[in-house]
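Report on the structure given below.
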Ligand code: UDX
């Protein structure tokens with residue numbers, strides 16, 4: 001089929017490359033000429049495993065074309081995927097101007113009947129607006145069907161998710177459009193769910209909100225575990241065995257980040273309040289996450305007192321491993337709080353340093369090597385569970401730090417392993433290990449409900 005993808009961002013590129021790989025003829029359009037020039041020359045500006053290879057292969061065999069020309073993109077195509085950004089506006093609402101602009105352009109340039117599928121995450125009711133814009137502005141003889149087709153791609157494994165996702169959601173009341181869309185994906189062995197447009201839009205928000213809820217829930221349990229002397233890893237393993245709960249998204253840590261969960265949870269809160277529904281549960285999920293992101297600095301102050309002039313190695317800037325994306329990353333909050341406390345920060349990340357430099361500039365130092373970040377640091381904070389960080393031998397800490405104190409925001413190490421080394425180690429929802437202490441297993445960090453830590457004391 002002839003397909004156009006509007007938007008050469010992260011979702012648009014994965015969708016374009018994936019559809020081309022399925023055998024479709026894909027044209028990907030973006031308004032940023034520089035980006036399109038780079039893509040045409042096989043240069044990808046984002047780090048996403050497998051994507052570079054897939055783009056290069058399909059560019060070379062002619063299945064994928066990049067353009068900035070709307071006439072080329074829309075005048076002779078059967079299906080148009082909208083994958084432009086829907087960023088957060090101040091106050092938490094969703095910026096829809098890129099969606100509106102694309103809808104107007106599509107209406108103006110189409111020359112045959114088309115199906116328009118919205119991949120971008122948009123508030124419930126947006127596809128009806130897109131439909132209206134196109135109906136009002138297109139040539140009256142043409143038919144344009146609008147379908148909601150939300151994406152569920154995880155950064156870092158988006159290419160895998162395109163080919164092996166858990167479900168494909170198609171939101172439309174038009175059976176013909178649904179069956180054409182099913183054909184687009186027919187070579188994938190993924191269940192297809194056909195629903196009405198508004199339910200499809202809501203499925204995306206509800207999925208992300210539910211996953212965020214799971215994370216904040218386990219983080220709250222972790223914080224209680226820390227107080228009562230239980231171990232969150234054991235607890236998560238135990239509850240995850242219940243099939244009704246499931247083992248995924250029960251990893252306690254310093255909270256969720258990224259371009260979706262923080263934005264989509266706030267947007268859903270806004271959608272609810274727009275219909276006068278107080279979504280208190282979701283508001284609590286967001287508050288818990290804000291608290292979790294502040295935990296490392298609270299713990300650091302607890303462990304070493306004032307951070308003024310202290311050298312801190314921050315391990316990880318990306319919001320999760322296998323991505324260079326720092327949007328919503330706990331590291332940004334940690335840097336901000338460390339600098340406010342007067343600390344000197346040197347950050348290591350295998351992929352996200354260029355993006356971090358754009359945001360943080362020279363307020364911190366950057367290390368392209370984990371050992372360089374640790375060199376002479378008084379405190380190490382693990383913020384992202386990159387393999388390069390969690391598989392680093394524990395010996396590096398005492399080798400490069402004076403008197404190592406590690407705050408592990410991602411529970412990368414087993415406590416048994418830690419105990420074989422001379423380290424002070426504080427993690428999330430597990431007991432603290434203090435260097436050279438004979439009564440390690442009785443020391444518990446205590447923090448108050450409102451978010452500040454009480455003194456570390458013995459049971
Ligand atoms: C998410 C959704 O998973 C995806 O379906 C949607 O389309 C986009 O948003 P993504 O943001 O790429 O994908 O990352 P994800 O792997 O879901 O992780 C989000 C955040 O939650 C990360 O910061 C991660 O560290 C954190 N997380 C995840 C936890 O803290 N604990 C967990 O158990 C799982």
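Every residue gets a Cβ built from N, Cα and C, even glycine.
Heads up, TrEMBL stuff is auto-annotated, nobody curated it.
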From 263, 266, 390, the one annotated by TrEMBL with 30, 35, 86, 121, 155, 327 for NAD(+): 263
Additional site residue, 182, 183, 204 [criterion: listed by TrEMBL with 152, 153, 154, 155, 249, 250, 251, 252, 253, 257, 320 for substrate]: 204
Site extent for substrate (largest Cα pair distance over 152, 153, 154, 155, 204, 249, 250, 251, 252, 253, 257, 320, Å): 24
Predicted model, mean pLDDT over the domain 'UDP-glucose/GDP-mannose dehydrogenase C-terminal' (313-415): 97
Candidates 152, 204, 250 (binding-site residues) - the one closest to residue 30 (NAD(+) binding site) by CA: 152
Long-range Cβ environment of residue 327 (NAD(+) binding site), under 8 Å and at least 6 residues apart: 257, 258, 259, 319
Residues among the binding-site residues 30, 86, 252, 257, 263, 327 that border ligand 1 - Cβ under 6 angstroms, in sequence order: 257
Residue 35 (NAD(+) binding site) in three-state DSSP notation: helix
